[in-house]
Structure formats: structure tokens, C-alpha cells
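Asks: Pasting the relevant annotations from Swiss-Prot:
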COMPBIAS  1-11  compositional bias 'Polar residues'
REGION    1-26  region 'Disordered'
COMPBIAS  13-26  compositional bias 'Basic residues'
REGION    206-240  region 'Disordered'
COMPBIAS  228-240  compositional bias 'Basic residues'
Amino acid sequence: MGKRLISQNRGRGTPKYRSPSHKRKGEVKYRSYDEMEKVGKVLGTVIDVLHDPGRSAPVAKVRFANGEERLVLIPEGISVGEQIECGISAEIKPGNVLPLGEIPEGIPVYNIETIPGDGGKLVRAGGCYAHVVAHDIGKTIVKLPSGYAKVLNPACRATIGVVAGGGRKEKPFVKAGKKHHSLSAKAVAWPKVRGVAMNAVDHPYGGGRHQHLGKPSSVSRNTSPGRKVGHIASRRTGRK
């Protein structure tokens with residue numbers, strides 16, 4: 001009897017395939033959307049900048065005027081001791097948080113909410129930013145890094161600027177060990193071995209005197225889990 005496929009082991013949910021979220025610094029999101037932000041602004045001071053394992057951007061610990069502390073994504077150019085503003089009357093300056101409806105067109109933004117008050121869901125990776133493209137009655141159009149223009153509620157909040165940590169991909173890993181330690185902070189099994197390079201006991205495409213599939217690559221949607229590899233329920237394969 002053959003061994004279980006990687007996809008089957010992943011479904012079991014062993015520690016190897018689970019994200020080590022216990023190593024993270026904490027929840028990174030905006031403060032609650034209260035009346036102070038809806039009618040004015042709240043001041044906060046950056047008291048520390050932290051490395052968060054598994055995240056591509058640094059996070060800052062911010063202490064607000066009411067004593068509340070939050071972990072937030074910081075933009076390029078912000079350092080310890082600087083002040084940020086959150087609210088409808090905040091200044092248009094990197095690091096400040098405003099509703100999309102109050103941000104002028106063409107300004108780069110990140111950590112965008114999809115529902116007002118959800119804490120920020122879009123554009124959170126290091127070096128990323130979106131652009132406010134247009135405003136209309138009851139909606140704001142934002143161009144995401146993918147090029148997709150998304151229509152959002154003008155009350156959704158966003159941060160002015162570009163997420164810190166850009167250019168991280170320009171430096172090569174050089175050593176396999178560095179890559180291993182980097183991906184061990186995420187739910188990524190690395191290195192990724194091809195099925196044809198495995199033994200017959202490990203994968204349906206494994207074994208043989210040379211690397212080849214040895215069977216059709218298309219499989220049914222209802223195929224048993226141990227054989228469900230390749231093109232699953234494909235309408236067509238190969239070049240068009």
C-alpha cells in the first residue's frame with residue numbers, strides 16, 4: 001500500500017503544515033471605529049518598531065492618547081517617536097489613517113478595510129500600495145497592486161503611504177538553510193518535490209527507469225484522494 005500524498009497529510013493538519021501563529025507579536029489591525037474617529041481624530045505615538053515572524057513588513061507598537069496600545073503596519077519613513085493621526089480630520093501624511101472618502105485621488109494607501117470597522121484586509125504585504133482612483137456618491141474606487149479596480153464604501157479606512165519592507169526580494173537567499181528558516185515561519189512545506197521524482201510508493205507518478213507520468217494526467221472530480229493528482233476535472237490540457 002502506498003503512502004499518503006502531501007495534500008492528504010496537509011488535510012490531517014499536523015504541526016508541519018500548520019501556521020506557527022503562536023510566534024507572532026499579536027493582532028495587527030486598526031483601533032475600533034468610534035465616535036472620536038468619526039467626528040475628529042485620535043493622536044498616537046510610535047513607541048517601538050518590531051519584526052513579526054511570518055510577516056513581510058515590520059509592525060509598530062502605537063500608544064494612543066487615551067492609553068490604548070495597538071500593533072499597526074507602518075509606512076516607509078516612519079520611526080520611533082513620531083506621531084500618527086487616526087480620524088476623519090487627520091492630515092494627509094504617511095502613516096495617518098483616514099476614511100477612503102476623505103483621501104484625495106492619486107494618493108497611495110494600504111491596509112484597506114473592505115467593511116467599515118473590520119480593521120484592514122487589503123494591501124498589507126511589505127512594499128505594497130494601492131491608489132485612490134475616483135470618488136462617487138456612496139462609493140470610492142481603489143486600484144489594487146494587481147491592477148484590479150475595487151469599489152469600496154467611502155467609510156472604509158486606509159493608511160496613507162507605502163508599506164515598509166519593500167525591496168526585500170532583491171536580496172538573494174544564497175543558501176538553502178536561509179530559505180528553510182524563512183519559510184518555517186509560514187505554513188509552507190519546503191522544498192517542493194515533483195511527483196515524478198518520487199518513488200512509486202510515495203506518489204502515483206513516481207517510480208520507473210526514467211521520470212514520466214506513466215498514466216493520464218487528467219483525473220475525475222470524484223477520484224479517490226490518494227490518486228487525485230495532476231489535472232483535476234480538466235476540460236482540456238496542453239497547448240491551445
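Every residue gets a Cβ built from N, Cα and C, even glycine.
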Asks: At a C-beta cut-off of under 8 Å, are there same-chain residues at least 6 beyond the compositional bias 'Basic residues' (228-240) that contact it? List them, or none.
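Replies: Same-chain contacts beyond the ends: 5, 7, 195, 203-205, 213, 216-221.
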Asks: Within the region 'Disordered' (206-240), how many residues are helix, strand or coil going by DSSP?
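Replies: Counting residues per DSSP class in the region 'Disordered' (206-240), I get 3 helix, 4 strand, 28 coil.
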